[in-house]
Amino acid sequence: MSNEISRNWPAPAKLNLFLHINGRRADGYHELQTLFQFIDCCDLLDFRVTQTPELILHSDMSAVVADSDNLILRAAKSLQQATGYPGGAEIWLEKRLPMGGGLGGGSSDAATTLVALNQLWNTQLSNDELATIGLKLGADIPVFIRGFAAFAEGVGERLQAVTPTEFWYLVIAPDAHVSTAAVFQDPLLPRNTPKLGIDTLMSQPWANDCQDLVVSKYPQVAKALGWLLEYAPSRMTGTGACVFGEFSSQQQALAALAKLPSDMQGFVAKGMNISPLIVRLNHP
């Protein structure tokens, strides 16, 4: 078996272009309607297939994340268990995305692990089968596995391909950690946005139902969003803390980035309706 390292598997960030909360289910999960689009800012993963079943992760993050809690290792283990694959893998993570900012980095890392190892191990699961494994690990993982911009419903598992405009975005990552669980448990979170058809949702102004609550509790998010709104239509992604503004050109986005206050961190990225992971899979 080859010891060659398969390099530069991208795990792209996502933006929620809108996020509506339609209700709360008996099991505590929330019914959502949201629009996912990828951006060209990615974590990068390398893989080496091994004959022994051990799974080893190298990362500057791994020292603070228990193996049992790390989505990358859980994803690899889940694929082993689902397929009976007898070997293992050595995995290297280059973390480029902000942690816990609503960009989906952890879910994307897990999805890339499933997609890459399915190919490298030649386990030949379909995307549907990989998405089923991924959904057990996190609600956002299937959209990264399928690799197309999508309108999502339910808890995020029902996906319909869409083609929103591929804007240039200025993404700001405030110095704040927003707990997704705390946001969804907060009694002040709106939970009664009417469910609408996709055509209606795509044609009306977009909003994030979590935004007002998070802005009210996190001054750093409020400050970043307030600054960004001076330059472009802007809102929060996921439950935050990251916010993004839409620009029609890279030049406009970079011009705004150049004016970013010194106490804020941001980057410019391109919207992508086809994930860089799918591009990598089809053009190794």
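Glycine is treated like the rest: Cβ placed from N, Cα and C.
Per Swiss-Prot, active site is recorded for K14, D140. Per Swiss-Prot, ATP binding site is recorded for P98, M99, G100, G101, G102, L103, G104, G105, G106, S107, S108.
Other than P98, M99, G100, G101, G102, L103, G104, G105, G106, S107, S108, the residues of this chain whose Cβ falls within 8 Å of the Cβ centroid of the ATP site are, in sequence order, A13, L97, G238. With every protein chain in view, the residue among the binding-site residues P98, G100, G102, G106 whose Cβ has the most Cβ partners within 10 Å turns out to be G102.
Contacts of K14 (active site) defined by a Cβ separation under 8 A and a same-chain sequence distance of 6+ are given as F36, Q37, F38, I39, L103, G104, S108, D140, V143, F144, T237, in order along the sequence.
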